[in-house]
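Here is the structure we will look at, set down as structure tokens.
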């Protein structure tokens, strides 16, 4: 029996807060207005309905022709901010803003944060460890939390997440612009009928009698489609209910997201993402075979190697000495496979990965018939991001001096920020996409693209330029 080709990716983020006015005033001050949601909107366990806020498609998903003809705010942002020394050496990231919609601009900075976070995780791992994260889920969760942050705590988060860079890029941008764009991004990504399944749940659980501000609850609902629900964290029934909810969303792939909770926990944020996509160019099951995969200079393992032939976009980066292949999913999502030519080249590639580099790859790609060999793999990763985020400069959020007065009048300390994610890549899922050549040599002499050594992968949604998932496969034979 033949099955449609697909890839499964999912991510779960948990943030727990244990026991520390102004959001309404802030929103009023910045003249922020949002459309009201249908009464039953939040009863959906995924944000996949077809509700379209008035005017949003016209404002944030513009074609380049519209950008050039209607609004110079989308064209000359680079002139508004001078690049720093570090950015000058690698190319000012704000230059990527030209010709981009506001949502694409926000996602460029979300990707910059994701690559920095990835590097911290990489430094904590060994070279033989696989890595997998869902950047869109992490950024969304941090955006939600930042609604209630004040003072230096708010500044730290906005600086590390590069939200501050976004606001400084244009006089027309404000802090509340970011939350509005996350709202629109969530709506765009999780609508139906794009040829793939992408589902998300944002749940906010609050210990009974814990005084969460009503304006914070309302803002969570409006901007991030997150419902605040009462919970008794000491009650095993709560864990069972939460796990059942996540089990249903992830189609059984994450069975016990919550093993136990501290009775002192007062707030928990769950962000869960599930993705299932069909490859544009399918991998015939009968072509899968055992193949050598080089772990390092000394070790080789046998893996199940998928094989197909078709038109694929690819490029070669001589500076980073790597090859790039784009595998396209049905519906406007693609996976970039990035493989160093030398086994020793992964460190350099990881150190220099930036949004500028990715855009140059995409612009240098050429389309031709290629034979592709890609190993099947499944990754399951579970991270507590507290120490990771601390090392990146977010410290006050996780200590008693943090200012979360926009969430509660009582002091709150976040002691757990859990990120759990799973990806399954097999014959039932793959993809590819295109652009023009700028400064890179195309893979003109190579007709076979063989992924037989450690590689990186990046999963993007094209219309929003959103980095959904990324990771490193050092050994396809283990999770």
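Each residue's number is its place along the chain shown, starting with 1.
Positions of Cβ are set from backbone N, Cα and C atoms, glycine also.
Per Swiss-Prot, the features are as follows:
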- 31: N-linked glycosylation site (CARBOHYD)
- 55-79: region '2 X 11 AA approximate repeats, Asp/Glu-rich (acidic) (hirudin-like)' (REGION)
- 61: sulfotyrosine (MOD_RES)
- 69-79: repeat '2' (REPEAT)
- 74: sulfotyrosine (MOD_RES)
- 168: N-linked glycosylation site (CARBOHYD)
- 367: N-linked glycosylation site (CARBOHYD)
- 403: N-linked glycosylation site (CARBOHYD)
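Recorded residues residue 168 (N-linked glycosylation site) and residue 403 (N-linked glycosylation site) have their alpha carbons 23 Å apart, per Cα-Cα distance.
Long-range Cβ contacts of residue 403 (N-linked glycosylation site) within its own chain (separation 6+, distance under 8 Å): 149, 150, 151, 152, 153, 154, 396.
In the predicted model, residues of the repeat '2' (69-79) average a pLDDT of 34. Residue 168 (N-linked glycosylation site) is surrounded by 14 other CB atoms, counting those within 10 A of its CB over all protein chains shown. Secondary structure at residue 403 (N-linked glycosylation site), taken from DSSP and collapsed to helix, strand or coil, is coil. Cβ neighbours within 10 Å of residue 367 (N-linked glycosylation site), excluding its own Cβ and spanning all shown chains: 15.
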